Amino acid sequence: MWSRSSPSSPSSSAPPPLLVLLLLLLLLLFALFWPPRALESLKALALGPDVSRVASGEVLFDAILDLRDSIGLSQHPLAHAAADGFALFFDEVKTLCLSPPSPIFFGPGLWLLGFLGSLVVDCYLMDARVWFGEIVPTLARLLLQLPSLLEAHYQKSDEVFGKEKAGLRVLGSQEAGIVFLSQELTGALLACALFCLFPTSNRDAKLLPAINFDYLFANLYPNARQSQEQKVRCLIHYFERISLSTPTGFVSFERKVIPLQRSSSGISYPEADDWRISKASLCQFKVLSAGLIEDQQDEVLEVDFANEYLGGGALHRGCVQEEIRFMINPELIAGMLFMASMRDNEAIEIVGVERFSQYMGYSSSFRFVGDYIDRKPFDLLGRRKTRIIAIDALDSPRLAQYKTDCLLRETNKAFCGFFDRSKHRCYLKYFQMVDSCREYAHENNADASVVCKTSQENENQDNSENRCSSNSDLTENNEERSQQIDLESIGIATGNWGCGAFGGDPEMKSMIQWLAASQALRPFIHYYTFGEASLERLQQVTEWISGHGWTVGDLWSMLVEYSTQRLRRETNVGFFAWLLPGQSSTSDMQYMSQ
């Protein structure tokens, strides 16, 4: 995509397609330039439709093809029907003024007709004029700045975080690391995706998701669901917003990896026995029957019900929890450029993304309904205090989800996501203690869970006097103590992760996430049920478990026992009914708690 030469002599030929655009340029020994032909095309776009002649979706797509050819990507065809999708979307916006105004529904019994309906049509007409006359030229100017934005990014990243520790690069499978991007650079990268300027060869081989917007537009044609158009509207609104006012914050993308191999010097992937013998207390559990995770007012880690490929079907036809989040917080899409798919011991945490859109509905009923002003405060690194954790659940596990290895996989996946680096030393102490308990129990023919109970009681006394200290390599000791205390108070906001289209058991998944959050020393879970009928007793069950003082190990053991009975077909009721039968006596419940 880029020519690389001395500042006084830019190259006259485009380089061959690169594996991942922009990401191989880690050592900026020279200035970066657009190839001359691409430079001229962008300059024309930046001057507006009077010069570029780009005033419709059809011509915009022709301009995109010309840009791709100028950087050596013409041999990599875009999605079939992408041209039709661009023309359909942008030309439909222009021709809405020819249609009679439609009634607009604002609530029960309240309709707005006539004159105000005409104003809405005029607004759409203005959108088309603004898009081609102002937004496209502004995006072209942003792309013209991309070389300097990249150069500044790498220099600043090396200065603040250390050489090659937080700069833009591919983070492959099992490669723990973090990438810090300014919102301005993120906007430029997304403009590249809109104009389909990223090469796509070998992305599958590198387990990277699709990043260009061609399939998003191609799926508009023909006869697409209205939700597909509404997804595009969210993204177009994002580009309008950043064109009117450049955001000034930062966003971070972190691949979190729990090593699979056991080590005495660090945290490792927990085994089933680790969960069985855990004496960690269960955290506070709050059930919310209404509301949405993204509307959470407390500072929390918000769960993205993710696909193993970050973003899932966001740039295709998908329109459920993860895809909707990527539409209303479009900066999340940038992570799809460089984050490879997740393995069982991995999660991806994103901090700082801004929300730009209001919406209503879900799946086929999803609708963009207007602008959203994100008022979240910023942290000391310039990121909005919006924390999102992408964790992927097993897809269509059916009866296999009750097998211990599947139960372990899901619990460990959630634990990897909920793991808090500021509590690293506490985790390390726990795993070292568990290993010592096992060794002692083996040598003395004792029960490891009994040995660990005594050890953890002593450890808890120590922890009550000594807070977990930070182990963050990036912040070291530069952040204020108050910031550390804030980090320790961040809980989890989640819901029916791995259920719905993924086919998981909502009752089991709620308990699994409770286990993981508690073992990760999170102070609380806010659980949104989204009207799931099987979770009507969730509040009752969590209160009963908490009231009986269960530990993580207790709850794990009961999940295993229930799952074993499900596999043997000894029971066919849900976990809640199995745990708390409607007519159970007090003695029966006391027996279960033991």
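Cβ coordinates come from backbone N, Cα and C, glycine included.
What TrEMBL records for this protein:
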- ASP304: active site (ACT_SITE)
- GLU322: active site (ACT_SITE)
- GLU323: active site (ACT_SITE)
- ASN307, GLN321, TYR362: substrate binding site (BINDING)
- 127-255: domain 'PARG helical' (DOMAIN)
- 273-536: domain 'PARG catalytic Macro' (DOMAIN)
- 455-480: region 'Disordered' (REGION)
Roughly how many Å lie between the Cα atoms of ASN307 (substrate binding site) and GLU322 (active site), rounded to a whole value?
8
For TYR362 (substrate binding site), the number of other Cβ atoms found within 10 Å of its own Cβ:
16
Sorted by position, what residues of the same chain at least six away from ASP304 (active site) have a C-beta under 8 A from it?
GLN321, GLU322, ARG325, ILE388, ILE389, ALA390, ILE391
Summarise the model's confidence over the domain 'PARG catalytic Macro' (273-536) as a mean pLDDT value.
86
Which residue counts does DSSP yield for the domain 'PARG helical' (127-255) in the helix, strand and coil classes, in that order?
70 helix, 13 strand, 46 coil
How many angstrom lie between the most widely spaced Cα atoms of the substrate binders ASN307, GLN321, TYR362?
17
Around GLU323 (active site), which residues of its chain at least 6 apart sit with Cβ under 8 Å of its Cβ?
LYS231, GLY311, GLY312, GLY313, ALA314
Using all protein chains in view, find how many other C-beta atoms are within 10 Å of the C-beta of ASN307 (substrate binding site).
22
